[in-house]
C-alpha cells in the first residue's frame, strides 16, 4: 500500500488538507448567502458544510490507519505483500464510495439524507445537522436545485485512481489485475446507473491491454498537450470519419500547437462543422484537461452527448454570441482563483493576460482577417496558418520522397507509409493501421456496426464516405462547381482532386451538338438525368409572355409522396424558348441555382428547391440521340414501362418534342457548348417522370459506375482504385523498403514485406499455435487441420487446400510448362522446379559434401544429400516409430496407418495409397509389359515378376545365365556375365534407364532407372 499512500496526486492525499477547512472548496450555497443573509448566518452555514465534508475524509484516514495497523500486526504471513490485494481493493472501494456518495448528495440539492450511492462509512459517521440547519437547507433546496444538478454530475474521474510509473512497477501481477478489474467495474456501475459518461481513455487502454500508469512530471502549462497521461488528457482531433473535414481539423491542430492551446477548445470555439452554433458529433470527443487546469474532466463530453446537434441559440437573435455561460451547464467554475477563471467555460489560466486573450473566442473577436476569403481569426499566427491554403505553401517536406504538406500532422501520417508503422492494432484479428480512425472503421467489420443510415432508403453503412457515395443515387445535386471549366462534382474531395490535377478545359463557344458524358468529365458509363417536377408545356406557350408562377413549398423534396406529386402537377410554368446561361460558372447557393432560368420566375425562385434524379449506369453509345434531347435508354426501365402499362410517345433514343414534356433547367450544370434551350434544359416524358419519382431499383442503387483499365481491361468501382492499379502498368513503385531497397506499389504491400525483416508473425493458429506473417497463409494452414480442400480439379477431381497448388496441378493435365530455363531451354511446370534446376547451371555451388565432394547450390538439397551418408532419418512415424529421410516418404507411409487411398483408378475405381502402385495397376488394363527377359523374350508388367522368372534360367550346377530385362520400346543392352550364386555381389538387372545392383528384395530399379525405396 506504500504506492497508494505515497501517491502525490492520489485522491486521499488531496482530501487530507480539507479536515481543517483551509483548502476545501467552498460550497456553492455560500455564494447565495453572501447576498441574502447576514454574516453570522453565513459563518454558521459554513461550519456545517465543513463538518459534513471533513467527516468522510476522517473516515478514510481512519480506515487507512486501521488497514496499516492490521498489516503490521497481522503476522509474518503478510510481510511479503500477501495482503496487498485486500489493501488495494479496500482503498479503491472506499474511494469509490466516498466520491459517489458526495456527488449524489450534491445532485439531490444538498440534502443530507440522499440514500443513493451512500457508503456505509458515510451512513454511520455522518453528523446529523440541527433542525435549524435542515430548515435552511430545505428553504434553499428549490432555489439551488438546478444549480446543483448541473454541478453535481458524476464523472469517471471522481471514482478513478491513477498510479505513476514508479508506483505501477511496485504493484504485483495480482494487484495490477485487481486494479484493472475494479476500474472497469466502477465504469460499469456508472453506466448502469444511467450517467451519460463517455468511455474514458483509461478504460479504452485497459481494454487494449496497455499499461494505465500516469507519467510523472510537473503540471503542464495552460493549454499544453499532455501526451503521457492516458486519461484526462487533451488529444488531437485526427480521428474524424468525414475526411472532407480533415483540412479544418488539421488547421485546428496546427493552431493549437503554435498557440499552446488545447485543440478541443478550438473545436468548441470555431464550432467544427457546417452549421454555426451547433455542437456536432465531432465535438463529442473526450475533452479533458489535468485537474485544476480546465473544465471538469469529461464535463464537456457529457454536455456534447446531451445536446448533440441541438442549437444553442434557439430563439436568440442572429449573430448573438452562442458561446454564453448557459451553453455550458455542466461546467463548474473552480473556486479560489476567480480573477483568472473563464466564467463561460470554466477554464483556469495562470495570468489575467492569458484569460483576456482566451475570452476573445467567446466574444467572437477576430481582429485578423484574411484578404482572400474574408475569414477572421483571433491571432495573427492563426491567420498565417490559414493563408497556406491560398498561397499553396507546404512547409513540411517528407525526407523520404520529397512530397510536401501544409500541416505537420499530414506529414506524420504520410511518414508511416514509408516506415510501415501501424501503431493501432485490432484486438480481434491483429491487423494494424496507421490511423485510429481506420482502426475504428475496421473494427466495424467485426462488430457489424453500421452507424450511417441513408435517410432516403434506410440502408446503413459503416463509413460516412460510403454513405456519401450511396446518396449520389438519390440526388443529382453537384454543389461543387469548377470556376474554370464548369464541371460540377458531388463531393468536395472529387472537386479538390480535379483542381489539383490542373486538367480544366475551357468549354468552346458557339453552337454544336451536345457533348457526350466522357467529354464533360463524367464517367464513360454514367448518364445523369435530372428532372424537376414542373407542369407540362404546350407549344403555343413557348412564345407566350412570362406568366406568374406558384412555387411549391420549399424544403420538401419532389416526388416523395403521391400527394406532393399531384401538387407538382398543378404548378403553372411558362418557360421561354431560350434559357440564359450566365457567364460566371461560379456555383451560387444551392437554393438559388435556378434564378436565371429565363422563364419569368422571380429572383430566388425556381421550379423546385430540391431537384431529384438518378444515375443510370449504361453504355455511352446509347445515351443520346444526335438530333434530340437525351432521354431514358436503360433496358431495365424499358421492361418496367411495359410491365406498368406506361408507354413513351416514341421509341427509346428517338428525337423528342417539347410538347407535353416537363422541363428542368440548371444553368450551372450545363454541359453543352451552345446556348439556347439546350444550354442546361432537360426534357422527359411524363411517364419517365413518374418513374423517376419512384425509388430506384435495388440493383441500380447497389451498382457502382465501373472504371475500366485501358491496358488490361480490368474494371474497378472507384477511380482511386483504378489509379492505384495503373501503377503496375506504369512501373511506379513509390513505397520503398529502407532495409533492402525493394519497392512496392501499395503501402500495405510494404508493411507486409517489412515482416520478413522484423520477423513479425501476427497471425497465430488457434489449433497448434503456429504463427504466420500473412492472414492468407494462416487460412491455408487451418485447412490442414480441418481437412478442407475447396479447390477441386475439374479433370480428375483431386482437391487442394490452396489455389496455387490447383493451378500447378492443372498443368499436369494440360502439359503446360510456362517456366523455361534461359541456359538450356528446358521447361518446367512450376517456378520452384526451375529455380532448383538453375542451380545446375550456376558455376557457384557453395554447399559441397565433405564425403563424396558433390556440390549443391541450395542448402536444402545439400542437407537431403547428407542424410544418405549419415543415415539420419529425422521424420518418424508416431504410430510405429519408423524413420524416414524425407518428409514426403513419411506422408506416404502414414497412409498405410490411416487407410487413406487418394489415387483412384479411372477404369475400375480401385484406390491406392501411392501413385506408383496405381501406375503398376493400370498396366493390367492397358496390357503393357515393359520388363523383357533377354533369355527367352518373355515380358512382365512388374520388375518383381521378372526377378522371379529369372531364377528359372539358373538350375543347380548350371552355368550362369545371361539375363537382362528391357522396356518394350527400348532394345536390350548387352550384359556382362552374372556372378556365381552366393558371391554376395547381387543380381544384375538392366533397364533402358540404366543399371542397378541390389541384393535387398526391398530395393529395385524401376522402369525409369531411378532408385525407389519400399515405403511399407
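Backbone N, Cα and C atoms are what each Cβ position is placed from, and that goes for glycine too.
What Swiss-Prot says about this one:
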REGION    1-147  region 'Disordered'
COMPBIAS  17-50  compositional bias 'Acidic residues'
COMPBIAS  51-60  compositional bias 'Low complexity'
COMPBIAS  74-93  compositional bias 'Acidic residues'
COMPBIAS  132-146  compositional bias 'Acidic residues'
DOMAIN    154-225  domain 'KRAB'
ZN_FING   340-362  zinc finger
ZN_FING   368-390  zinc finger
ZN_FING   396-418  zinc finger
ZN_FING   424-446  zinc finger
ZN_FING   452-474  zinc finger
ZN_FING   480-502  zinc finger
COMPBIAS  541-553  compositional bias 'Acidic residues'
REGION    541-606  region 'Disordered'
COMPBIAS  570-582  compositional bias 'Low complexity'
ZN_FING   707-729  zinc finger
ZN_FING   735-757  zinc finger
ZN_FING   791-813  zinc finger
ZN_FING   819-841  zinc finger
ZN_FING   903-925  zinc finger
ZN_FING   931-953  zinc finger
REGION    950-1016  region 'Disordered'
COMPBIAS  963-973  compositional bias 'Low complexity'
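A mean pLDDT of 89 is what the model gives for the zinc finger (931-953). Tertiary proximity for the zinc finger (791-813) is limited to same-chain residues at least six positions away from its ends with a CB under 8 Å from its CB atoms, namely 780, 783-784, 829-830, 902, 906.
Under DSSP, the residues of the zinc finger (424-446) split into helix, strand and coil as follows: 11 helix, 4 strand, 8 coil. Secondary structure of the zinc finger (452-474) per DSSP (helix as H, G, I; strand as E, B; remaining residues coil): 8 helix, 4 strand, 11 coil. For the zinc finger (735-757), DSSP puts the residue distribution at 11 helix, 4 strand, 8 coil.
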